[in-house]
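Pulled from TrEMBL, these are the features on record:
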- A:95-129: coiled coil (COILED)
- A:684-706: region 'Disordered' (REGION)
- A:404-428: transmembrane segment (TRANSMEM)
- A:449-467: transmembrane segment (TRANSMEM)
- A:537-558: transmembrane segment (TRANSMEM)
- A:570-590: transmembrane segment (TRANSMEM)
- A:650-669: transmembrane segment (TRANSMEM)
- A:772-793: transmembrane segment (TRANSMEM)
Amino acid sequence: MGSLFRSEEMTLCQLFLQSEAAYACVSELGELGLVQFRDLNPDVNAFQRKFVNEVRRCDEMERKLRYLEKEIRRDGIPMLEIPGECPEAPQPREMIDLEATFEKLENELREVNQNAEALKRNYLELTELKHILRKTQVFFDEHEGGANTTESMTRALISDDPNRHMGHVQLGFVAGVILRERIPAFERMLWRACRGNVFLRQAEIDTPLEDPSSSDQVYKSVFIIFFQGDQLKTRVKKICEGFRATLYPCPESPADRREMAMGVMTRIEDLNTVLGQTQDHRHRVLVAAAKNIKNWFVKVRKIKAIYHTLNLFNLDVTQKCLIAECWVPALDMETIQLALRRGTERSGSSVPPILNRMETIEDPPTYNRTNKFTSAFQHLIYAYGVATYREVNPAPYTVITFPFLFAVMFGDLGHGAIMAAFGFWMCYKEKPLQAKKIDSEIWNIFFGGRYIILLMGLFSMYTGLIYNDIFSKSLNIFGSSWRNNYDGSTLQSNQLLQLNPDSKDYLQYPYPFGIDPVWQLAEANKIIFMNGYKMKISIIIGVFHMLFGVCLSLWNHLYFKRRISIYVEFIPQILFLSLLFFYMVLLMFIKWTTYGATPGHFGSQDPEIVKTSAFCAPSILITFINMMLFKHDKNTRPQCDDFMFSGQMFIQKLFVIVALLCVPIMLFGKPYFIMREQKQRARQGHQPVEGNAENGTAGGAPVPASGHHDEEITEVFIHQAIHTIEFVLGSVSHTASYLRLWALSLAHAQLAEVAWNMLLRKGLMSNDYQGGIFLYVVFAGWAAISVSILVLMEGLSAFLHTLRLHWVEFQSKFYGGEGYLFQPFSFEIILDSAGQAEE
Amino acid sequence: MKGCIFNIDAGYLEGLCRGFKCGILKQSDYLNLVQCETLEDLKLHLQGTDYGTFLANEPSPLSVSTIDDKLREKLVIEFQHLRNHSVEPLSTFLDFITYSYMIDNIILLITGTLHQRPISELIPKCHPLGSFEQMEAIHVAATPAELYNAVLVDTPLAPFFVDCISEQDLDEMNIEIIRNTLYKAYWEAFYDFCKQIGGTTADVMCEILAFEADRRAIIITINSFGTELSKDDRAKLYPRCGKLNPDGLAALARADDYEQVKAVAEYYAEYSALFEGAGNNVGDKTLEDKFFEHEVSLNVHAFLQQFHFGVFYSYLKLKEQECRNIVWISECVAQKHRAKIDNYIPIF
């Protein structure tokens with residue numbers, strides 16, 4: 001049996017590996033990705049395991065690679081993707097080579113960086129000095145200019161000096177550069193600490209300078225401080241130091257300054273050439289590294305993953321071999337054996353590894369093989385709960401029912417086509433889109449569900465055709481079966497007119513596919529007609545869906561050999577559901593086939609014909625309620641029958657009684673059988689009996705000790721009561737719940753109609769050329785609303801409702817969902833997740 | 001009523017903080033940590049906790065100081081994140097928390113300059129939470145008055161410093177007095193601020209701050225024995241917002257030796273218990289450790305209530321304790337001195 005219907009059969013295996021061959025074997029298994037290893041030393045600390053040193057070396061290598069990558073990114077050098085196949089995990093001895101390569105690269109790079117930083121620092125200092133010389137020139141010019149503010153202030157400062165002419169010459173000064181944002185605090189502090197006895201001038205450097213340690217662009221300012229006396233000098237210098245201002249010597253005489261500026265300029269020139277060479281060297285190193293870096297990352301990560309796995313293994317007493325326990329799919333034993341043999345050959349070991357099957361009472365993990373088409377659907381199921389081991393997997397049925405139920409709610413040919421086109425585009429461009437690795441979470445959700453979207457779109461187009469609904473309008477493909485025979489004046493003078501099916505208005509044969517487009521014109525009763533149709537359809541689909549769910553539970557019972565459950569759970573459940581709700585569905589069909597407005601009935605006064613006319617058709621809802629209450633209403637119309645068919649009353653009473661009788665069977669049946677069995681077993685003295693599979697496991701569960709009987713029985717009773725109540729109440733509420741199919745479909749149709757009437761119709765009403773311009777604008781609005789609200793939002797809401805119908809209404813009938821997922825050791829998964837974490 | 005509108009401004013941050021709190025190491029983690037043979041082992045184990053890859057980019061021979069720096073860096077980043085997203089009055093509350101680090105930094109820098117250390121050597125030792133713009137120029141000042149006028153007047157610490165201006169010059173003794181006066185003013189202001197916020201915040205924070213104040217008073221008293229600090233001066237340094245105020249503080253002011261301090265603590269149930277188990281013998285826990293333990297339990301209790309600011313304070317303090325623990329364990333591991341490795345203070 002294909003594993004699509006059930007999860008794969010798993011076996012627990014014990015694996016004996018030669019110490020020398022273990023690495024190669026695990027590497028082969030990692031490429032295969034079919035084996036889940038179990039941790040055999042869970043209480044050993046991470047750092048006390050055997051291969052912790054190797055793991056640590058890999059960590060170290062990864063750190064170096066990350067450093068390299070950071071540097072490569074900083075220089076904007078493109079990193080080459082790995083061409084073709086992923087590199088295999090290298091041999092352990094290759095690890096030393098790799099380590100050496102990385103070590104060398106890192107050291108080289110660090111050295112280059114250090115040199116570059118020193119050079120840049122030098123360069124920065126020189127540039128700052130250049131700016132200082134240039135800006136201070138202005139200060140000094142002003143200073144010497146004579147009768148300006150500077151002059152007057154210096155005079156005020158030294159007013160007690162008798163020799164006024166020499167005054168300003170004795171002023172000391174320091175010049176430096178400071179971060180621009182620190183200027184206000186710096187100025188305030190200077191003022192406070194020196195009691196206002198200093199004079200600060202500052203000018204901004206327009207071009208940003210590069211900070212050598214972080215290579216950020218920073219803005220700085222040049223300042224010059226004038227003061228008098230040595231004490232103030234030390235104080236000013238201390239403050240400058242505190243604010244990390246760099247001070248530069250600045251000669252007093254203009255000639256010296258000019259000379260110095262010249263010297264600085266030449267040194268900057270020299271430095272520039274050296275800096276360029278350093279950068280070139282760095283670039284060469286990085287370009288060489290960028291070619292291989294992805295490849296190295298993959299290698300290192302593979303080695304690390306292998307050693308992590310080896311850490312899960314047990315060492316046997318002789319230290320000669322490693323013992324592993326693993327879950328493997330039973331069907332893949334051959335492939336795994338082959339991989340192990342390959343691994344042994346590669347390592348050159350002579351002793352083949354041994355793969356032993358083990359008996360276990362543990363629940364194996366759930367593993368469903370998927371392809372790119374089914375995996376999205378399988379994930380929808382897993383999102384609710386991972387299937388119990390080997391239970392029926394609803395995913396294959398979901399592939400069809402999910403898009404179908406969605407389409408019932410989203411039935412519109414136009415919107416469906418948009419959705420299908422989007423889905424088709426994603427499927428068609430699958431490979432290039434996948435290779436792009438787009439980060440956006442929303443995009444990834446859409447892209448992951450591309451096949452679901454495509455199917456949902458296609459199914460919506462189909463239901464849209466059935467509803468005859470395209471952007472809230474109808475298509476008249478085959479020609480309507482109705483004709484208008486009223487003359488012009490009648491049409492002019494009447495608001496509402498009826499078409500009589502029992503006249504020439506109706507061509508006597510129905511519209512071949514879907515709803516007749518004539519209903520588009522029926523403003524008064526279109527909604528009423530569609531509601532009746534869609535509601536009944538919803539209930540019919542719902543009841544079939546649920547019945548199918550209950551039937552799937554039979555497969556589960558048969559597979560797990562739960563004989564009693566078939567008799568006291570499955571049979572009563574299916575009886576209950578079909579006698580009440582499937583009967584209601586039958587009534588709908590009877591009503592559709594028996595009653596009609598076809599000619600020969602309508603105008604006729606023949607009592608037999610009147611009884612089968614639409615005039616006499618009973619309400620299904622009222623009939624069903626009466627059935628449950630055991631009463632029957634006299635038909636208010638004297639010419640009609642009370643019943644739809646003869647013996648209806650008797651059959652209905654019988655059905656209800658049988659259905660109600662099923663409830664106590666569901667409630668007490670299973671606990672009773674379990675109790676009886678336990679008593680028997682107690683009498684026979686704890687001999688295992690044939691039917692102990694009630695516990696749910698197919699394997700032989702241990703016989704419970706007799707001391708726990710009472711508690712267990714009450715537990716079984718409570719459990720069963722909950723299940724019964726859930727089923728009985730559930731079948732009512734779940735049936736009603738399927739009405740959401742109708743409700744959402746109605747809402748969608750109405751919204752689409754509002755969008756059409758409020759927007760596009762307004763744009764189409766005008767006749768002259770302005771109408772064209774207006775239409776141009778209005779169409780944009782209508783299209784935007786159609787896509788954003790009607791396709792995206794409505795689509796999302798319909799999707800969620802469909803999900804609910806599957807999780808709750810369908811799966812509650814058979815799905816346990818108590819398993820855990822099979823997580824194989826696979827390089828592919830490990831590399832993917834490592835790559836994602838990095839981004 | 002306050003609880004209802006608490007979440008508008010601080011709900012997100014409280015949630016964030018509680019999330020951070022869940023990352024605090026458990027007893028089982030410590031049990032694993034103390035088994036480490038080398039610092040590499042320690043790093044490997046910390047990778048499995050909430051610290052994640054915080055040491056992943058450090059080159060291999062790890063030193064304890066790198067671990068310390070990285071631990072602190074992580075904590076500071078978290079705290080700054082909370083601070084940057086906060087609004088009044090929470091932002092003031094968080095600022096208040098940083099003031100104590102500022103005080104520590106100032107004292108560190110003054111002491112450093114007193115011992116003729118270059119400022120560039122001292123700056124890396126300062127706690128990043130307590131750094132402020134004028135900090136590095138602190139060595140300009142030679143007297144407390146200058147310190148106030150030139151440096152501190154623009155910082156939020158200015159109001160706390162007013163009491164210290166009268167001190168004559170900066171020597172060892174005076175620095176210690178300045179520190180304690182600053183702390184006294186700080187605790188009292190913080191206490192008043194929490195009272196003013198009211199509600200659960202006041203309930204929780206006043207409890208913690210009262211303990212801090214009392215601890216300081218007791219430690220000042222014990223440390224003052226055998227120094228030239230007069231009893232009057234000593235009494236001036238006691239923060240007056242604790243449970244010891246006023247009778248206990250008066251009694252402490254009169255105390256002459258350790259036994260008398262113990263006798264004073266006898267009157268207060270929670271403190272007498274701390275003195276009970278403390279001793280200086282090998283294997284005994286010191287009084288300081290006892291205080292730390294009590295602080296941890298108070299801070300853990302802060303998380304039992306919701307809709308208050310105490311969680312932010314408590315989180316920071318618990319995390320600091322955790323950093324101290326990890327550093328302690330790493331020191332023991334690095335120095336191969338395993339006898340005292342169990343002297344950390346478990347948090348959960």
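Cβ from N, Cα, C; glycine included.
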**Q.** Listed stretch, out of A:404-428, A:449-467, A:537-558, A:570-590, that has the most CB pairs under 8 angstroms to the transmembrane segment (A:772-793)
**A.** A:404-428
Q: Could you pull the average pLDDT for the coiled coil (A:95-129)?
A: 88
Q) Under a criterion of three or more Cβ pairs within a distance under 8 Å and sequence separation of at least 6, are the transmembrane segment (A:537-558) and the transmembrane segment (A:570-590) in contact? A) yes
Q. Which sequence positions outside the transmembrane segment (A:570-590), separated from its termini by at least 6 residues, show Cβ-Cβ distances below 8 Å to it?
A. 536, 539-540, 543-544, 546-547, 550-551, 553-554, 557, 620, 623-624, 628, 644-645, 652, 655-656, 658-659, 662-663, 665-666, 669, 727-728, 731, 735, 813
